[in-house]
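Asks: After the structure tokens below, expect a handful of questions from me.
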Amino acid sequence: MIDPHSFTDSTHPLTTHVSLTLYFHFPSSTIHATALLTLQTPHTGPLSLDTRSLTIHKILDPATLTPLPFALSSSEHPIKGRLLTVYLDNNSSVLILYSTSPSSSALQWLSPPQTFNKTHPFVYTQCHPVHARSVFPCQDTPAARVCYSAKLNLPRELSAVMSARHCDRHDPVGTDLDGMLTNEESGFGFDLMSLWCEEGRVVEEFVMEQPIPPYLFAFAVGELGFREAGPRTRVYSEAVDAVLDAAAREFAGTEEMIRQAERLFGEYDWERFDLLVLPPSFPYGGMENPRMVFLTPTVIKGDASGARMVAHELAHSWTGNLISNKNNEHFWLNEGFTTYAERRIVEAVQGEDIAALNIGNGWRGLNEEMERFKDNMEFTKLKNNQEGVDPDDMYSRVPYEKGFQFLWRIEHQIGRPAFDEFLKKYITTFKFKSIDTETFLDFLKANVHGIEKDIDLQLWTEGTGIPPDAHEPVSNLYIKITSLAKDFKLGRMPREDEVANWTGQEWELYLKNLPRAVEASQVLALDARYRLSESKDYEVKVAFLQLAISSRCRDYYGEVEKTLKEVGRMKYLRPLYSGLVQGPGNEEEKILAKRVFAEARECYHPIAQRTVEAIFAKHV
């Protein structure tokens, strides 16, 4: 077995290329599609593929168009989905005719009222960590890196972007389908060729020539506009001038960040670094899809501090996209490295104090996760056992922040110049490969002699909790903010002159260092002076609302409800819903949480819906 979250069989050849044709049918929230999978070597016998919520119409030998026998498992595995077994006879490729389902776990279909302009529908993917299989049948493991090409057939008034190079936009023609679906024999139950060539449709073509893990497959289709933001960067979003202009201002410094990152980690290998600001339902802060990073609109704060999220996704261009974890048990190799790289970029562009604030906020987050997982300390390990575990359920800051701390510890041990040389060599050695923790540790010991004598590598990678040689940052600004937070416990609020220059990051650090619960009167007094509940920065607003909930300051429940209904980012949903439903004697809060979720559910991405349902299953 290659991956605890995939049916991929280590004795079968891996897929090297996928060619897709995708027909978007918005009225039914489905995609009618073909997938041509090319294998490393010809294969005889069964080939195991991952699927979820797909209808398989027919599987053909692409050379002869004769049907290949296949079987789809009768029951759905709660994490892996359904096993598709195709029986091959010395085949090196297979052509699969299939349709997606409205319940696809990767796709969110937004009706016109759920979009900014409220005139056209919108659909986008979120394939990480195990959801590509709900868009096309595949070996859905990072161990199986693929190149791909895609033809997307959509209504003419819409356009598409992908994690790939855009090649063409043209009227649909029969040759798009390579002449293989000329009648109802296709198994679709309708003539796809006629649909494909209908009036009012257009075809967008894309190609990704570098091998990527399936979780980096991505598209968005809607009424899109863009602004130029640099020589390698466009900012896309729905075609709303206010959103596009705000995003272009927020991310105006992107080219400088790319240059600093290249200085640190070597040449940028993906040609373009475009950004797509998605609707508010996007469940993550960002997703590092190559060439086309997906971002939540909550990172547009009006003060360029949203650049921190862009720095993180940019850093993934080296650690995560060039070098990927072999499976999700080694997720820290993606996120620990990227968090370290992000902070180096931020330090180079914005200075040491801002980088220290980031590290400080991360340190608080790591400590909070230790509390969250106190009943399941396996999830506090960098390398952990995920057999039978849904990776969405255990998603946390641990791989980011404990991974960062581990690399920071190595940097402190050997010095920054030596660590920088090590990083460049690591990236050069493993680019376009998927690796595990053991491979990293062997490389570390081979290139940094004696490191295992200075740092307990096993404790760091396989031990639970926070190792004793991890530490919070040292900076005057960090110490000042944390000491002001300690003063709050003694009843002293910060003076206006003490916070005059604070941005969202300073307030976030301050709020995260306050006691979990205080008197309701203190919450009200703090907000009366600094209007934190009205902050345009969701990091600040949600940290404040968490404090209000845990202090049972019900004056802010209206703002909590409003926030839960206007954003779908799980970083905010998880603490707010958890705060409402956890603990005894809070029936009023539980009723509120259930009502808000019932009303907001349709606006959340399927991944976020399941996350909230899991919180309710545990506490309600």
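One-based numbering along the chain as shown.
Yeah, the Cβs are placed from backbone N, Cα and C, and that goes for glycine too.
Below are the features I grabbed from TrEMBL:
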- GLU313: active site, proton acceptor (ACT_SITE)
- TYR400: active site, proton donor (ACT_SITE)
- HIS312, HIS316, GLU335: Zn(2+) binding site (BINDING)
- 476-616: domain 'Peptidase M1 leukotriene A4 hydrolase/aminopeptidase C-terminal' (DOMAIN)
Asks: If you take the centroid of the Cβ atoms of HIS312, HIS316, GLU335, the listed Zn(2+) site, which other residues of that chain have their Cβ within 8 Å of it?
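Replies: Along the chain, the qualifying residues are GLY286, GLU288, GLU313, ALA315, THR319, GLY320, ASN334, PHE337, THR338, THR339, ALA341, GLU342, TYR400.
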Asks: On the 0 to 100 pLDDT scale, where does the domain 'Peptidase M1 leukotriene A4 hydrolase/aminopeptidase C-terminal' (476-616) sit on average?
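Replies: Reported value for the domain 'Peptidase M1 leukotriene A4 hydrolase/aminopeptidase C-terminal' (476-616) is a mean pLDDT of 96.
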Asks: Which chain-mates of TYR400 (active site, proton donor) that are at least 6 residues away have a CB under 8 A from its CB, listed by sequence?
Replies: TRP332, GLU335, GLY336, THR338, THR339, GLY362, GLY365
Asks: With an 8 Å cut-off on Cβ-Cβ distance and a minimum sequence separation of at least 6, pull the same-chain contacts of HIS312 (Zn(2+) binding site), or say none.
Replies: GLY285, GLY286, GLU288, THR338, THR339, GLU342
Asks: For GLU313 (active site, proton acceptor), list the number of other Cβ atoms lying within 10 Å of its Cβ atom.
Replies: 23
Asks: Across all the protein chains here, work out how many other Cβ atoms are within 10 Å of the Cβ of HIS316 (Zn(2+) binding site).
Replies: 24
Asks: Determine the Cβ neighbour count for GLU335 (Zn(2+) binding site): the number of other Cβ atoms within 10 Å of its Cβ.
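Replies: That number is 23.
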